[in-house]
Ligand SMILES: Cc1cc2nc3c(=O)[nH]c(=O)nc-3n(C[C@H](O)[C@H](O)[C@H](O)COP(=O)(O)OP(=O)(O)OC[C@H]3O[C@@H](n4cnc5c(N)ncnc54)[C@H](O)[C@@H]3O)c2cc1C
């Protein structure tokens, strides 16, 4: 397709992944990535980066959700086997999920089909960690470490010719009329930019520690998880609805530390590195759709791709591909739609 001008708003995992997919599809297009926060100024920086989808209604229909999950899985799986894997922070990882009350907590209906290994735990494994575990599952999946991916993807976008602009967009009208289409990947920013009350924050906090002897992930009750990345282990976590605080809470940290050490006692010897806090942009379903705005008499074409909640790393590639399809559609539609 031709010489279009496209603006992508947002430089989290969703905006960056969408930018790279757009550049693949529209090689001659001029693409600008505009965001007020980069790298550690995004929610994506706080993510552990594990590929999994449990529970929430991410898409309008099960079929759409399945397509996003499968497209995403194969994208990350290909990257894991590429020369870029280490620089981009993508690897395969296996581990355990345990539950003491709810057997559905240990199930991921998509990974049951996609993972190479996905089995119930044995009685010995159930007794491996302190706790009254009744249910458990051992499986493999993929991990994308945001500490690496966000840098890798931004550098790739730059070397692909994408222009980068640091700016807060207060309203779509700020962007004038120079773009053929605007792709909105602002995460929680969509709440203000689109007056969209369906997207709201679920605050999360994690601790990064050094514990190189841990190579499996572990999940327990009460949002407790231990996830080995490339350069550190992520200990989590919490889910606090409608909390906007980006401050580190020492109470959350103490609770996370205690829960993780109860699950894996050797973590008492881990060396603390840092805290990370992020506001998950929760929305049911994710907003992935076209919108035509009329601003001061001039038409504006927008493709929204935000509201990934606790699954932005997991679903960024699948939703990016879907966004590219919508961009194609709006670019060929006649301006009479506007
Ligand atoms: C503790 C924690 C652990 C997590 N673990 C996982 C996990 O293991 N797996 C997983 O898949 N997901 C996980 N998540 C969820 C994941 O982090 C999010 O779903 C993901 O980061 C959302 O990405 P995003 O690009 O949509 O948003 P963000 O990363 O928040 O990026 C939004 C971008 O938009 C920009 N922006 C917003 N408003 C404006 C504006 N008005 N003008 C200009 N720019 C704007 C921001 O500056 C930023 O660049 C976790 C989240 C947390 C908090």
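The backbone N, Cα and C atoms fix where each Cβ goes, glycine too.
TrEMBL: automatically predicted annotations, no manual curation.
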From 299, 307, 310, the one annotated by TrEMBL with 225, 280 for D-dopa: 310
Of the candidates 19, 186, the one that TrEMBL places in the FAD site of 43, 44, 48, 49, 50, 169, 309, 310, 311, 312, 313, 314: 186
For the binding-site residues 310, 312, the one whose C-beta sees the most other C-beta atoms within 10 angstroms: 312
Measuring Cα to Cα, how far is residue 314 (FAD binding site) from residue 280 (D-dopa binding site) in Å? 13
Restricting attention to the domain 'FAD dependent oxidoreductase' (5-324), give the mean pLDDT. 96
Tell me, which binding-site residues from 48, 50, 186 are within 10 Å of residue 280 (D-dopa binding site) if we use the C-alpha atoms? none
For the D-dopa site (225, 280, 310), what does the 8 A shell look like? I mean other same-chain residues with CB within 8 A of the CB centroid. 47, 48, 202, 204, 223, 236, 237, 239, 309
